[in-house]
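Over in TrEMBL, the protein carries these features:
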type	residues	note
SIGNAL	1-23	signal peptide
DOMAIN	1-112	domain 'PGG'
TRANSMEM	45-70	transmembrane segment
TRANSMEM	91-114	transmembrane segment
TRANSMEM	120-139	transmembrane segment
Amino acid sequence: MKDTASSCMVVAALIATVAFAAAFTVPGGNNGETGAPIFFKDRWFTVFVISDAVAMFSSTASIIMFLSILTSRYAEDDFLFILPAKLMFGLISLFASIVCMVVTFSATFFVVYQEENKGTLPRLVAALALLPITLYAVLNSRLWISLIRSTCWSSRSMFRPGKHRLF
């Protein structure tokens, strides 16, 4: 569990760094007179801003969850519910940040290359954007299933008063 949390925390930190930097280097740049983004009224720019913000906040949430796993006391009871639940929440928020990061990239692509949006290039970019999302979901599905089973359907972890605190 420590190795998984450490590895995922590195990925989440990288996503948070990229999302933070993308918020201040908007596609197309800023208007020299007003300082507002050039593509401010473009719908793809709105998608960019929202997905970048969600990527930033969900990766930060996953960093906090993985950090709480690494600093846990590792008592025997913690492995029944608390630690698997934290890991599951961390992985779900990491997945959300990966999805939003890919959406942010795609929105930036559509903002910058608006004139070429009529051909096959946008479809190719959209199809390729699904690749990392699908890979992450498929490669981590066994881990998610085992976490759900151990957290939700474990006979020892269900309905034990005082043992289900996440924080």
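Any Cβ shown, glycine's included, is placed from N, Cα and C.
Caution: TrEMBL annotation is automatic and unverified by curators.
Residues 95, 98-99, 102-103, 105-106, 109-110, 113 of the same chain lie 6+ residues outside the transmembrane segment (120-139) yet bring a C-beta within less than 8 angstroms of a C-beta in it. Across the domain 'PGG' (1-112), the DSSP tally of helix, strand and coil residues reads 86 helix, 2 strand, 24 coil. Restricting the average to the domain 'PGG' (1-112) gives a pLDDT of 90.
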